[in-house]
Amino acid sequence: MSNTIEAEGLVKRYGDKTALDGVDLEARAGSVLGVLGPNGAGKTTAVRILATLVSPDGGSARVGGHDVTKEPAKVRELIGLTGQYASVDEKLTGRQNLVMIGRLLGMDRTAARARAADLLGRFGLGDAADRAAQTYSGGMRRRLDLAVSLVGEPSIIFMDEPTTGLDPQVRAELWAVLREQIARGATVLLTTQYLEEADQLADEIVLIDRGKVSARGTPDELKARAGDRRLEIRPEHDAEKAGRILAEVTGLRPHHGENGVISVPVLDPALPPAALRRLDDAGIVLTEHALRRPTLDEAFLALVAAPADGSPERPAGRPVERPSA
Amino acid sequence: MTSRNTFAQGMTLTWRSLVPLRNQPGELIQLLLQPIFMIVIFVVVFGAMSGDQGGAVQRLLPGVLTQVALTQTITTGMRLAEDIGNGVFDRFRSMPIARSAPLMGRILADTATMTLTIAVALLVGAAVGFRIRTSPLEALGGVALLLTFTLSLGWVSAWLGLRARSAASMQGMATAVLLPLTFGSTALIPAANLPGVLRWWANLNPVSHLADSLRALLTGGPVGAHVWITLGWCTAIAACFVPLAVRTYARRIR
């Protein structure tokens with residue numbers, strides 16, 4: 001059986017709010033698909049449809065080759081679900097949570113206990129195994145949640161924002177655990193608000209914004225398109241000439257925004273000083289200049305605004321070096 | 001999905017609901033504190049005020065027992081609302097298990113804790129002087145009647161819990177339903193001592209019939225038609241709310 005995830009044209013409405021407005025997703029067997037987007041973009045709704053928790057108002061989806069609305073029971077045999085909305089029973093200990101899931105999946109008591117002990121050890125929860133989950137820290141709880149979703153050794157795993165709200169160190173710990181699962185060969189659909197997380201873990205990324213796919217590609221492709229920093233200047237005069245200088249220095253076509261701000265993606269850290277020097281040499285006075293790392297929102301905007309052929313706005317000339325990932 | 005699997009899954013989820021009582025002393029104490037508290041307040045304090053401690057204990061304990069048991073039916077809906085609210089329910093829904101297992105586990109676990117509560121209330125009652133004056137069969141019949149009634153109310157609670165936005169709002173709604181039932185009844189005060197409208201309501205109230213049945217079955221005296229009326233109410237409530245709860249549940253777990 002192929003452990004693929006495929007969705008076409010998913011639509012979901014809640015009242016007059018459209019959570020998903022025609023989303024296509026595809027994850028190859030054994031790959032990690034990162035679904036990236038801000039809060040409220042529709043990521044969780046997509047996962048809930050794929051995990052058979054809600055039915056779509058339009059479109060169709062197949063998980064492991066089974067249609068999620070027509071054969072939900074078959075889909076449930078294959079999947080593990082973890083993340084912000086699927087949770088552990090806080091009144092049970094870590095071990096009891098794992099044993100319960102094993103028993104529900106039809107293991108006998110001995111097998112369920114053995115599996116629980118194995119997972120507790122692997123997820124570094126051995127010391128806390130017999131404490132109620134409500135006493136766990138945020139990071140421990142997410143690890144337990146992940147362990148619980150893996151009791152049945154699912155071949156397809158949905159991780160819905162597995163690290164949202166965790167501090168960076170705990171997040172890095174969790175990434176190590178996630179990588180192990182990925183190495184096991186499972187197909188993973190991971191949703192996240194963090195560009196960096198998708199970059200670290202995903203083979204391919206789909207950007208969702210307001211219920212629509214705004215971009216898709218490998219992490220490197222997307223980063224190249226977004227540019228990881230932007231140089232913004234506001235010349236007092238000669239805006240056109242300033243723009244030309246920026247284009248010459250960076251090899252990219254600058255964007256003339258409102259309030260006379262001209263900005264350009266900066267793919268090479270040596271370029272901004274060079275650009276500022278050239279502007280100064282040309283006698284152009286800047287009322288403002290700044291080097292800004294795009295926020296996730298800006299990355300979205302850049303990607304949405306990018307031309308359909310997917311290449312950055314690049315005039316003929318020297319090739320632009322990509323930032324090393 | 002075979003029915004044997006369904007049963008095994010239901011039992012696992014029953015275990016899951018009961019095991020916190022063993023895990024955490026706080027949970028068990030909370031469960032047992034309510035009957036103890038209510039008995040001390042109503043039976044001992046009111047008894048002392050009336051001057052006739054022994055008679056008051058015999059008269060009041062079956063009523064307090066009714067009240068304690070009825071209040072505990074809120075648990076069913078609250079726990080369901082909690083499971084829905086914190087995502088545990090979604091975890092079960094994403095798994096290849098019988099759709100009925102989570103509800104079955106909930107109802108079985110709550111029936112078990114209800115039995116425990118009634119037993120504890122009778123023991124505490126015995127400690128403050130309550131004596132069962134009827135045959136063991138009648139006394140058991142009384143307890144069985146109370147369990148049957150709370151089981152049928154458990155479905156009302158489940159229905160409210162499955163519809164509620166949160167466990168807290170479920171608790172609010174359930175309390176609003178329960179207060180007129182428990183306090184507007186003859187559980188603690190004979191109908192003759194109640195003023196006009198309240199007396200009319202208390203005579204109509206199924207909880208009055210339940211409390212009067214329980215009093216007669218535990219302490220003696222004429223049972224009259226109370227048992228049959230109570231059983232009639234159990235049937236009517238169950239006939240209404242089992243389908244309602246199951247339908248709401250089916251919509252939520254689909």
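Just so it is clear, glycine is given a Cβ too, placed from its N, Cα and C backbone atoms.
Caution: TrEMBL annotation is automatic and unverified by curators.
Summarising the annotation, TrEMBL assigns domain 'ABC transmembrane type-2' to B:26-252.
Tertiary proximity for the transmembrane segment (B:28-49) is limited to same-chain residues at least six positions away from its ends with a CB under 8 Å from its CB atoms, namely 21-22, 56-57, 60-61, 63-65, 67-68, 71-72, 113, 116-117, 120-121, 124-125, 128, 130, 188. Taken from TrEMBL, the feature transmembrane segment covers B:28-49 (among others).
Here TrEMBL flags B:107-130 (among others) as transmembrane segment.
What TrEMBL records for B:142-162 (among others) is transmembrane segment. Below 8 angstroms of C-beta separation, residues 62, 65-66, 69-70, 72-81, 84, 103, 106-107, 110-111, 114-115, 118, 134, 170, 173-174, 177, 206, 210, 213-214, 217-218, 227, 230-231, 233-235, 237-238, 241-242, 244-245, 248-249, 252 of the same chain, each at least six residues beyond the ends of the transmembrane segment (B:142-162), sit close to that stretch.
Long-range contacts of the transmembrane segment (B:174-192) within the same chain: residues 42, 46, 60, 62-64, 66-67, 70-71, 73-74, 77-78, 156-157, 160, 198-199, 201-203, 205-208, 210-212, each at least 6 residues beyond the stretch ends and with a Cβ under 8 Å from a Cβ of the stretch. Annotation comment: TrEMBL describes B:174-192 (among others) as transmembrane segment.
What TrEMBL lists as transmembrane segment is B:225-246 (among others).
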